[in-house]
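I have a structure here, written as structure tokens, and I will follow up with some questions on it.
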Amino acid sequence: MDNGEIFTPASEITAARGKDEKGGIPSKRAVDEDKAKRAGQVHFKAAHGLVVAFFTFILILHVAGIYLFTSGFLLTRLVLDHKSECAIPPIEPARAYISGDAQKGCWHPRTFGKAVVIIIDALRYDFTVPFEAQFEPTDLAAAAASPHPPPVAPRHFHNAFPVLYETAQKQPNNAFLLPFIADPPTTTLQRLKGLTTGTLPTFIDAGSNFAGTAIDEDNLVAQLRNASKRIVHLGDDTWHALFPGYFEPNLTHAYDSFNVWDLHTVDNGVTEHIFPLLKAENLSKWDVIFGHYLGIDHAGHRYGPDHPAMTAKLNQMDEILRRMISELDNDTLLVVMGDHGMDTKGDHGGESEDEIEAALWMYSKKGLFGRSSPAHTAPPANAKVRPVGQIDLVPTLSLLLGMPIPFNNLGKPIEEAFIGKKGADFENLAIVNRLAGAQIHRYQDEYAKARGLDESIRTTSLALWAAAETAWGSLGKRSNSAQFQEVYSAYGAYQRDTLSICRALWARFDNPKMLSGVTILASSLIVLATYARGLQGDRSDLTPVFFTRGAIGAVAGALVGFGASFALPEMPREHVLIFSTALYGILGIVSTFYSIRHRVLSPIPASIWGWTSVFFTLALSVGFAANSFTIWEDEILLHFLTTFGVLAVISSFRQRNKIDRTLGIYHSVLFTVLLRVASFSRLCREEQMPYCKSTYYASALSTTSAPWQLAIPAAAALLVPTFIIGYFEGTKSYQNTAKLWLGLGLRFGLMLAAAYWALDAADDGDWYPEWNNVISITKRAVAQIVLVISLAFGYSIYNWSKPLLSIIVNESQDKDGAPKEAITVLGYANVHGSRYALLITVWYLAIALLQKPMGAGAIGILVWQLFSLFEIVDTNSLHGSSIGPVVLGLLGSFHYFKTGHQATLSSIQWESAFIPLTKIRYPWTPVIVIMNHFGAQILCAVAVPALVFWKIKPQQKGLLGMLAKAIATHMLFYATINLATTMWAGHLRRHLMLYRIFSPRFMLGAASLLVVDVVAIFVSLWGARMSMLSVAEIFGFGG
Amino acid sequence: MSTKIIDPSAPKPKPPTATPIEPLKTDIARIYTYLHTLVILALYAYTFPSIVADPVPALLGILAPLAALQVAFVAVCLPPTGETPKVKKSKPGEKKRHVPGRVESGVNGTIVPAFLSLLLTALAATPLLTATLVLFGAPVTTHHLHTLLCGAHIALLSTLPLVYVHGVNGETWRQIVALLLPVDEVYGGLIGTVLGAWLGAIPIPLDWDREWQKWPVTIVTGAYIGYAVGKLLGGTVLKGKKIMFA
């Protein structure tokens, strides 16, 4: 607004409070002023504290709603504590087999006495199949025309690990190789649970990957231990979280699993300790070895599959396995498998095809394996052919090793392992499938009992069971192979049907909980919306009432809930308690609206800006009901933000003041063009293919940056501080501490951040192999220094900075020739805005460091856009409008995508935790990953107060109320998105795309709401307090 | 009837109260203004299948007919601006030379301004609108001709009649861009075209796998429909209305 007032005569500033200054005794005046100032401070601090308390109350409501919904939405499965026992087979054994002797085999004669089970983390099926066997020689012309051309040349991950395929093809009786389909979520901990219990994991466990807890349901490892087998574990330490104390302590060696930067420690450790155990003199020391290699998984996370490091890793595995085959004794079974695959960038966690398609290979020198048809001798060319489930491993291994099948198992024995070397022993197949089927049948009975399930759900599977049993009963001594085959397939049909019933059953949602969650979220949204947009006058003087009544309501609700939980014994107590506390709290706030109803405004927007804000928010929210609009959210955000840019140009053209008009047009165009520039940074999600080209990393198949991208952080370090200084210079606010911080601290910090990424590239690419150690230590030190500069040094400067003002005394002569003093104040025009904006740059430095080089560019552009947005808001007088906070919400979400993220679990850049640290440290690691993941949203939330402060008068009345309004509006945007994604996820809970699209988007919506809430309250609102106090030191509170 | 010409040297505190454009009062103008919308829609509907099949040649093919139709429309139905670029250069002061519909103005009064409008639309509006399309997310590395032709179609629909009736006065164009003019047939056409093109982006991401979802078919279709709707509404129910921002 007051653009012209760069130089402000001091008389104008003091005039406002100068009335009583005339004639007063100076010392007394000073005392009075001091008193008034202190009283003002106390009043401000109290009012501010209550605003913080009110928003914290809203945050708690959000947490309560999200918690209730999540606990009802993420799948839950009742874990039965039953254990299978060696002496108690689920059904009368066939061929009069006497069960109970683990040495001979519990339920079925055992085949192997010992086993070496190797898990190669993230071993995707197509890594093991030669390129020539996977793809026909490609006709280049035809390939160019087709929409999904097959690859024409081998990638780095092809042909590097041929030993599995070779042995399976050349010695079909000794080995077989099959696609091994994982059940999502494809995180290692979940997969290990599935691989050892034979049951389907449920989603609620997905988050506990890094703090796993012991498995207490029946599983293969526990069965082995009960049978006094000596189990050795080598490799990934996740096993110890799942099976604490199960392994032979002096032979077992576990390694940290989370350091994805390290490709070799775990693998070398496993290799070092496994081969001595295979030597004849050590064979008596163990029965089963579990070896877990992590190198391929880490190479995928760090470089992506299409990288020479992956070739090297696969070659290493090839070598190890060849050696293992040659050193293996005759009675030992060797199993190699991947626990999941990896997507095109080497990450996993979701349920895309590349993520679930792992490989399984079994080998023994006994030559017992077979194929049901000669055509099946060669392993399948791709994972769509003859796949087996990962849950099938448990019954297979159990029966081969003579163990009972774990109680909760749902898998079936793998055909190749039991069909005999001639491929015709259907009798054996029928027997083992009958055993597995009977165990499933027993489990189903118990589960139905425990859960009180209706028989009707199981009618089809019970009928199939009865049919299989009848077929079995009709067999005689002289039955031929075809009859056995029939029985075998009858039990197979029963197992398949039960599995699908279980899948459907465990996709059961707790609807009352979900509804309660949505109710809390929806009603807190209405409260927040009314607070943000539907109140007249200063909010800060009403907030105490809101908070008090809300708190009283919550306490009353807690009491009522406590009482009600006795009246409703069938409902979980925490559910009733949380729901009633939150609801009564909301009612308390609503009662305030009723008491002050003369100040409540119509919620319908009054201006085109209001309508635009509502439209952007609601259109996005509605769009999340469609998977296409969710997939293409990044492009939609670009579309909306550009629309805002165009509207800002139009609005700027309407301004009458020529300076406002020109500045407004300039910044609107700049804002819009920067959007498009930033939009070149993309990391496509799988569903966007083939219409999207990833640019975030060196290639679509890697997670490392190209060397040229290293120039981006350096360019940002050179340019962005200069641009920011430009915005400060515009009002002569580039003074005092701004010079120290922007001119020195920020510049230096950004340079160091650029240096970090150069060092990181050198370390990653082995540019100077002999210096690797030095480089890797130096880069972490550099990263830590940057964080110290930002969060310690920068924050201190921000905290103790004076307003960015300086006073110039001009001595001149007036007309009569008498000397005259003219005092001008520099930086007066933007005293609030410039003071607060320092905080944005402090956070900018920390967040820029934690983004990959391309992301550092996107974040730099974001900061530049923020300042342009402040100018647009100011020149168009939109300080109090909803459009500013809403555009910040859109901008934060937009740059979320531009910093290499997507609404998918696999896009979380876990490795960012290791930028400043070598190992996991709580609480720093989660904080760093959050700052990497939500960096853009965090910066935008920090920027909200500046929308209000930018170029506003120092003594503006009701500034705190305006601030609360803006922050509430910003939270409202995320709360609306969260409510919408929550509702859609709940509503579309049977949708095919639930786990691929709607559920991850819901998680993103909930997580970003909570992060933004916390940042808006404890960084923005708290930071604004420091800034406002320091401005008030000089100008007093506006009142 | 006629546009007010503002002297830029005398800035006014309030934006001038411009009146909506009235179409010429001849019978043929009154009929043709509606007929024109139908003809343009028919032309587009007729070429639609070939646009879907191969956008570039098809869009290029109807560019000239569209230009001819628009030139004919403005020449027949609309009052030309009080000043054409050339007139402005030679005699800036004169004001009351043109009375719309006067016979002697003839070719000079309608045909020349119509072609000048076409020229300006091609040289100024098309690049500007194409750039805007790119800002909104149109591909940068591929589909250049697609985007350019899309921009050209939008320009012909929206801008050509505006240039014809309002000329090139800076202040008038500031008001046009600022959405400060009262809505009329021509202004409604502009707003409708732009809104239609904006809405045309919505079906693109949907996973319907239809041929017509390809770039820029939906945008151009939206622009044509928007033009027809905006022109119709602007000339009738919304006539004289002003857009309020705050």
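Cβ from N, Cα, C; glycine included.
In case it's useful when we look at the structure, here is the feature table from TrEMBL:
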{"type": "TRANSMEM", "residues": "B:31-52", "note": "transmembrane segment"}
{"type": "TRANSMEM", "residues": "B:58-78", "note": "transmembrane segment"}
{"type": "TRANSMEM", "residues": "B:111-138", "note": "transmembrane segment"}
{"type": "TRANSMEM", "residues": "B:144-165", "note": "transmembrane segment"}
{"type": "TRANSMEM", "residues": "B:186-206", "note": "transmembrane segment"}
{"type": "TRANSMEM", "residues": "B:218-238", "note": "transmembrane segment"}
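How about a rundown of where these features are and what they're close to?
Among residues of the same chain six or more beyond the transmembrane segment (B:31-52), those with a C-beta under 8 A of the stretch's C-beta atoms are 23, 58-59, 61-62, 65-66, 69, 72-73, 76-77, 157, 185, 211-212, 214, 217, 220-221, 224-225, 227-228, 231-232, 235.
Beyond the transmembrane segment (B:58-78), the same-chain residues lying 6 or more positions past its ends with a Cβ under 8 Å from any Cβ of the stretch are 21, 23-24, 28-29, 32-33, 36, 39-40, 43-44, 47, 50-51, 110-111, 113-115, 117-118, 145-146, 149-150, 152-153, 156-157, 160-161, 164-165, 186, 220.
Listed as Cβ neighbours of the transmembrane segment (B:111-138) (distance under 8 Å, sequence separation of 6 or more from its ends, same chain) are residues 67, 70-71, 74-75, 80-81, 84-86, 147-148, 150-152, 154-156, 158-161, 163-164, 168, 201, 215-216, 219.
Beyond its flanks by at least six residues, the transmembrane segment (B:186-206) meets 20-21, 78, 136-137, 150, 154, 157-159, 161-162, 165, 176, 179, 213, 215, 218-235, 238 of its own chain at Cβ-Cβ distances under 8 Å.
Counting same-chain residues at least six beyond the ends of the transmembrane segment (B:218-238), those with a Cβ under 8 angstroms from any Cβ of the stretch are 23, 33, 37, 40-41, 44, 48, 51, 59, 133, 150, 153-154, 157-158, 183-204, 212.
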